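J.: My questions will all concern the structure given below.
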Amino acid sequence: MATPHINAVDGAFADTVLFPGDPLRAKYIAETFLENVEQVTDVRNMLGFTGTYKGVRISVMGSGMGIPSCSIYATELIKDYGVKNLIRVGTCGAISTDVKVRDVIIGMGACTDSQVNRLRFKGQDFAAICDYSLLSAVVKAAEEKGTKYRVGNVFSADLFYTPDPEMFDVMEKMDVLGVEMEAAGLYGVAKEFGAKALCVVTVSDHIRTGEKTSSDERQTTFNEMIEMTLEAAITL
């Protein structure tokens, strides 16, 4: 049954959905890695696809940018389409010089300046953490593929253009590995509605050094991250 933001039919989505922010990255993942691909939704050009990877049914759909957009799609996928596992695959900015551009970060927890989880947790601080079984599966896949990765906290920012750059110093002191815009909201939605979620991101730019990747590279590369996530997804 269609929702206000997804026009897929019942049963169109697999139990596990890879969840990039960019709908064109969703299209790239589907066309590059999946077989027997079918586009299942296109409302507002937020594209979603279902296919198979090594014989296992997998879906991929864009989430848009930021916690509000991500939360809408995550909620509808879980509540209306019965999705059980949502794995964000995207990009982030690095803060520490110990983290390099193109490193893969697995977000065990997500700090945030958003109030969204306080709204769902009666004004209290909610510990936005990933599902351990998803984390374990992705770490195992990374180890088997020999992919370099880091596990730790990310920061989900409400503002891309921050008015408070000194906050980066605090994040580095507290060992936050990367800054992105969705994970804290995704983890909250998953907990609220009984699903599992994980955030896996590749460092696309470095806040300290100024090194960055191009928009084309962000859209169509970072294949190591996608491959290790898919390898984990078929074990769930």
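Just so you know, glycine gets a Cβ as well, placed from its N, Cα and C.
Note that the structure is predicted; figures quoted are calculated from it, not measured.
As annotated in Swiss-Prot:
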BINDING   His5, Glu180, Met181, Glu182, Ser204, Asp205  purine D-ribonucleoside binding site
BINDING   Gly21, Arg25, Arg44, Arg88, Val89, Gly90, Thr91  phosphate binding site
ACT_SITE  Asp205  active site, proton donor
SITE      Arg218  site 'Important for catalytic activity'
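Thinking about packing and proximity, how do these listed features fit into the structure?
T.: Proximity of Glu180 (purine D-ribonucleoside binding site) to non-local residues of its own chain (separation of 6 or more, Cβ distance below 8 Å) is seen for Gly90, Thr91, Cys92, Gly93, Gly107, Val154, Phe155, Ser156, Ala157, Cys199, Val201, given in sequence order.
Other C-beta atoms found within 10 angstroms of the C-beta of Arg44 (phosphate binding site) number 13, with every protein chain shown included.
For Asp205 (purine D-ribonucleoside binding site), the Cβ neighbour count at a 10 Å cut-off comes to 16, with all displayed protein chains included.
Arg218 (site 'Important for catalytic activity') falls within a helical segment according to DSSP. Summarising the environment of Arg218 (site 'Important for catalytic activity'), the number of other Cβ atoms within 10 Å of its Cβ, over all protein chains shown, is 19.
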J.: So what sits near Gly21 (phosphate binding site) in its own chain, CB-to-CB under 8 Å and at least six residues off in sequence?
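T.: When sequence neighbours closer than 6 are ignored, Gly21 (phosphate binding site) has Gly62, Ser63, Gly64, Met65, Cys70, Arg88, Gly90, Thr91, Met181, Glu182 within Cβ distance under 8 Å.
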J.: Quick one: of the recorded positions His5, Ser204, Asp205, Arg218, which has its CA closest to the CA of Arg25 (phosphate binding site)?
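T.: Sorting the recorded positions by distance from Arg25 (phosphate binding site), the top entry is Arg218.
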J.: Name, in the order they occur in the sequence, the residues of the same chain whose CB lies under 8 A from the CB of Val89 (phosphate binding site) and which sit 6 or more residues away.
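T.: Sequence-distant Cβ neighbours: Leu18, Phe19, Pro20, Arg25, Ile29, Val200, Val201, Met225, Ile226, Thr229.
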